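Swiss-Prot has this to say about the protein:
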TOPO_DOM  1-38  topological domain 'Extracellular'
REGION    1-26  region 'Disordered'
COMPBIAS  1-21  compositional bias 'Polar residues'
CARBOHYD  Asn22  N-linked glycosylation site
TRANSMEM  39-63  transmembrane segment
TOPO_DOM  64-77  topological domain 'Cytoplasmic'
TRANSMEM  78-98  transmembrane segment
TOPO_DOM  99-113  topological domain 'Extracellular'
SITE      Thr102  site 'Implicated in agonist binding'
SITE      Arg106  site 'Implicated in agonist binding'
TRANSMEM  114-135  transmembrane segment
TOPO_DOM  136-159  topological domain 'Cytoplasmic'
TRANSMEM  160-180  transmembrane segment
TOPO_DOM  181-199  topological domain 'Extracellular'
TRANSMEM  200-219  transmembrane segment
TOPO_DOM  220-270  topological domain 'Cytoplasmic'
TRANSMEM  271-292  transmembrane segment
TOPO_DOM  293-307  topological domain 'Extracellular'
TRANSMEM  308-327  transmembrane segment
TOPO_DOM  328-370  topological domain 'Cytoplasmic'
LIPID     Cys340  S-palmitoyl cysteine
LIPID     Cys341  S-palmitoyl cysteine
REGION    347-370  region 'Disordered'
Amino acid sequence: MFMASTTSAVPWHLSQPTPAGNGSEGELLTARDPLLAQAELALLSTVFVAVALSNGLVLGALVRRGRRGRWAPMHVFIGHLCLADLAVALFQVLPQLAWDATDRFRGPDALCRAVKYLQMVGMYASSYMILAMTLDRHRAICRPMLAHRHGGGTHWNRPVLLAWAFSLLFSLPQLFIFAQRDVDGSGVLDCWARFAEPWGLRAYVTWIALMVFVAPALGIAACQVLIFREIHASLGPGPVPRAGGPRRGCRPGSPAEGARVSAAVAKTVKMTLVIVIVYVLCWAPFFLVQLWAAWDPEAPREGPPFVLLMLLASLNSCTNPWIYASFSSSISSELRSLLCCTWRRAPPSPGPQEESCATASSFLAKDTPS
C-alpha cells in the first residue's frame, strides 16, 4: 500500500495521492488547491523563521555566556534542546517547504530516505531532550548528592547522549518505509511510504504518537510533580539536620530564607504548568489529526483546517527556547544584551548550580555540597 501527501510536514504521509490517471506530471501539479498551497508555504515559512531565529538567539546567548566560564548543567540541556530544535527547522521544515513549493520530491532515492530519517530524528530529539532535562532536574532536587557526584561543566552528559542515541535509533524505520516510488503507475516519482495493509499505517502512527508525545508528556509531568513535592516537603516541620546532613523536612531558618523558599515554590508551580500545558497544546492538535487520519478512512484529509494542522509538528520547537530562557536569569540577561546590542560586560558566570532555578529550586540546589 502506498500512502502519500504533498501537504504534510511530517515524517510519514497520510493523505491519498493526487489523482494521477493517465495525466502528465504537469496535470498532476495543477490538481492542487492554489490558495491552500500558498497557505501551506506561508505557514511553513513562518514556522521555519520562528524556530531558526528563536533557537539561534538562545544558542548564541549560551555560547556567549560560556566564553566567561563553564556551562551550568542546565545550560547543557538548553543548548542541546536548541540544537534539536534547529535540526527540526533544517531537516524537517525546510525540506518540506521546498517539497511543497514543487509539489513533488525532487531528488534521488538516497536523499528521500535521508530527509525522512532526519525529519523523525528532529521530532524525537526535541521531545526527548525536554524529558532528559526534566529527569536531570528531578535528580538534582530529589537526589542532590548523586547529582553532585556527576558534576557539571561539560558540554555533554549521559542524559544528553541517551536522548540523541534513542532519537537516532527510533528513527531508523524511516529508512526502510520511505523510498522514491512511482505514483500509481503514472510515471511520476515521489518520496512515498509503503505500509502493510491494513494495520501498518495505524500501528506506526500510533507508535510515534506514544513515543514522541504521550510517553514524554507523562514523564515530564511526573518529574515535575515529584520536584514540587520535594520542595513542599522541605517547608514542613522536621528535625534540625546535622552539619552536612540532608535538609529534608526542615523549616527555613530566617524570614529572608522563608521568603526565598516561598518564591521558589511559586516559581516551581509556574514552571510546571508552563512546561506541561505548552507541551500538550503544541503537540496535541497535530497528533490528534494524525491519529484521526490514520484510523478513520472518512477523515477530511484534504480539508484546509486538517491540512494546516498537519503542518504544526514543529510548533513546540518555536516555544521551547523561550520557556526555558524565561526561567534562567543568566540566559535572559544574555538575550537582553544581544537584542539590545549592548555588549557590556556581564556579571561573572555562576557555578553549575545556578541553573537549578530553571525548576524554581535554587534554594535546594544550594544545599548540595560544594
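Even glycines carry a Cβ here, placed using N, Cα and C.
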C-alpha of Arg106 (site 'Implicated in agonist binding') to C-alpha of Cys340 (S-palmitoyl cysteine): distance in Å? 42
Taking the transmembrane segment (308-327) as the reference, which of 39-63, 160-180, 200-219 gives the largest number of Cβ pairs under 8 angstroms? 39-63
If you measure between the CA atoms of Cys340 (S-palmitoyl cysteine) and Thr102 (site 'Implicated in agonist binding') and round to the nearest Å, you get 39
If you draw a 10 Å sphere on the Cβ of Thr102 (site 'Implicated in agonist binding'), how many other Cβ atoms land inside? 10
Can you tell me the mean pLDDT for the topological domain 'Cytoplasmic' (64-77)? 75
Counting every protein chain shown, other Cβ atoms within 10 Å of the Cβ of Cys340 (S-palmitoyl cysteine) number 9
Neighbouring CB atoms within 10 angstroms of the CB of Arg106 (site 'Implicated in agonist binding'), all protein chains considered, total 14
